[in-house]
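Chemist: Take a look at this one; I'll ask things after.
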Amino acid sequence: MESRLSALLCLPWVLQCVFCRDVTVPAGPLYRVAGFPMTLPCSVTGYEGPRMQNFEWFLYRENSGSQQIGVISTQDRGFSYAPFQPRVRSGEVRVERDSGDRAALVVQRLQPEDQGRYECYTPSTDTRYYGNYSASVTVKVIPDTLQISHSHSLSRQPLIEGAELQLTCEAAVQSKEHTHLSVTFGVRGGAGSGAVISGQGHNLREIISIGRELAVIPGRGGDYERRYQDGEISLEKRKGKSAGDRDLYVMKMATVAPSDSGAYFCEATQWILDPDGSWTKLAHRTMELGVLTVRPLADSMTVSTTPSGAVNLPIGSPLRLTCEVSGVGVWNRSALLVRWTRRGGGEGAPATAPEVEVARLGPDGVASWGDDTSRGGGGAVEMEAQGRYSLRLFSAHPADSGTYRCIVSIFAGRRDPGPSSPASVTQRSNGVAISFTTKEVRVAATATLVRGPLLKRGDTVTLLCNVTVTTTGPYQVEVQWFRKREELGSTGEVPTGDGDAPLLAAVTHEGLSRLHGNFGDVSVDQPEHGYYRLRIHGAQMQDQGYYTCQAEVWGQDPHGAWYSTGEAAKSMPVNVYLYSRAIDLLLIPLIVGVSSALFVGVVVAGTVTCCFMNRLARRRSQK
């Protein structure tokens, strides 16, 4: 009974304490660095009265006993004692409110004599005096020992896009307290994307840092995070040789882009872990590393070919073209693709002639040929030196004539680009026109159908191509046969265009017979000089059409190799028509006669049967 009575008597006191005033400041002691800002938050709860509470701060210096020094008050402008009056007037010491019952004492530049116990007091607005109206925290002011420097700064010379960038920064802190150090490399200005360093303006971008817990942290979001993941940006910490030496921090960019232009800096920050488990920035210093300008490759890169202009060569002589690439700075980790192209057949070729790829040297150093003509003549594509590439044809012929260009593509920042990766920049050299001194060649071709009895299905059709060549020196002829299945037009004109006439067969300049496609039993040969024969054995109706032959003249160079002179002639088309055989002609009336006889027989038999059945029925009815 007595215990229950005691509980009832204590209940009002307990309820009053639940709703009593409580002032809170961070747990101490707090270590802060002289010369840098200090922020002491203070909050009040469980109060009565207006939402907007007032705050007063007092300082109890060490070795001064209970002597208090008024620092600042939110309700009394004359509250500050003499040591703080000028600092309060200048705003160096001030109060910043988060809300009506939360405020912070801010000392912009901490001094050694600011060390001591700080008391946050809240004047009462309560009807009764319950709870605590103040709270205290001890602040230790430690000396500033943060040091930062760099061995060299950026030169004023611009870097070419794709070049490597390396920046160094030395930092150290000598403190008796257990503090941590973080180092950040950043850039001011430029057009890149990246994390904005808090509180330092929208144009300061964090590139990469070693955090207070020694973890490497790339700039959040944007391009820096991707480049760090790809290994293009790195940050390394190298310990000093002795205890007093500063640590060296080395940032590397494998390849720079125009967006990396700007003013670079290194920032070192000293941190401490407060008793409440939160990290607080004690001190920081920034070292300017210089201004970087990155020139786009498109503005600096040049590609040229030697020799230039027009070059005339004897047939069979070697062809050598050199491609010079300049204005790309120091050759670095960027991949490079070199291509050689040829357009048309020399200076007189039309501008609309297609441009074909002759050869290429890939980023992996592997050479490949784009057409069989150049490869068949024998050649080489190679890198003679950094920025110098050559194309060589050991024995050039008229088929190699045309306007040559060197096309260079650079993949800045990528050492192994994929097949579909776009190049950072592509430049073309001026064209060099290659022509050859050739001998005069004239050629004519006439196709004829060997006459005889009327050609019928199953016969052998023979066509001859008579080729005449006028030239000097040895030559060979290559003859090709074409067939176009086309009827005479309404005007009766013979088609003269080749259209889509397929190639049937050919006799090469080496005298070899070649058959193309599936055109039945076909043979080609050369029965005598100047004559080339095409025979269709067991001709069928699908073998009808217009046949033409084309003759191309091949010459011989001084080394004995054969080459196409480019001179060719095509004959007028010859019509091949197959007549029906006699047995085919007799088969039609035979089929018609048999069909007619069967029809008449069926009709007669039906009529006789019908009459007989009717007569038999009448006789039975008479009986």
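Glycine residues also receive a Cβ, built from the backbone N, Cα and C atoms like all the rest.
Residues or ranges marked as domain 'Ig-like' in TrEMBL: 12-138, 143-288, 296-426, 458-552. Residues or ranges marked as signal peptide in TrEMBL: 1-20. Residues or ranges marked as transmembrane segment by TrEMBL: 586-613.
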Chemist: What stretch, picked from 12-138, 143-288, 458-552, has the most CB pairs under 8 A with the domain 'Ig-like' (296-426)?
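Modeler: Comparing 12-138, 143-288, 458-552: 143-288 has the most Cβ pairs near the domain 'Ig-like' (296-426).
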Chemist: For the domain 'Ig-like' (296-426), what are the DSSP-based totals of helix, strand and coil residues?
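Modeler: The composition, in the requested order, is 12 helix, 63 strand, 56 coil.
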Chemist: Mean pLDDT, the domain 'Ig-like' (458-552)?
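Modeler: Its mean pLDDT is 84.
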